[in-house]
């Protein structure tokens, strides 16, 4: 079992943790989150980005992690970036707790997400279904109020 965690911080009140667990290289990965400080009753995009570099804030993380050269999509789509996690929903206080299982995100192997950045976005991810070219790259999810590098957890 490999476990990892990203501690989310940024230039906003958004903060939290996202944890990852993968039993072995052939297993799906469980992604769990506890994120606070978002807008109430909203859907916010979150993605794994290419780089674990936050020297200039969350913008240094680069584009979505996309080792297979696909277009942006929903987590359940066959064609999507490895880093496409979709949206999480917030409650009346702007908080969100949840988990999902993902078949593309890996902690073990050549396409591991360890050392990359988990970014929470300021807008809703359109899951690549928008009319613009940007939809196929980013899901039009907007600014990056919080992020954290994915590191090995105890």
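Using N, Cα and C of the backbone, Cβ positions are placed for all residues, glycine too.
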Recorded Zn(2+) site member, picked from 72, 121, that accompanies 64, 81, 84 in Swiss-Prot:
72
Restricting to the recorded positions 47, 64, 121, 144, 147, which ones have a CA within 10 Å of the CA of residue 81 (Zn(2+) binding site)?
47, 64
Suppose the Zn(2+) site is 64, 72, 81, 84. Which further residues of the same chain have a Cβ inside 8 angstroms of that site's Cβ centroid?
47, 65, 66, 70, 71, 73, 80, 82, 83, 128, 137, 138, 139
Have a look at the recorded positions 47, 58, 144 and say which one has the shortest Cα distance to residue 84 (Zn(2+) binding site).
47
Site with most surrounding Cβ atoms, counting all protein chains shown within 10 Å, from the binding-site residues 64, 72, 121, 144:
72
Neighbour count (Cβ, 10 Å) for residue 58 (disulfide bond):
23
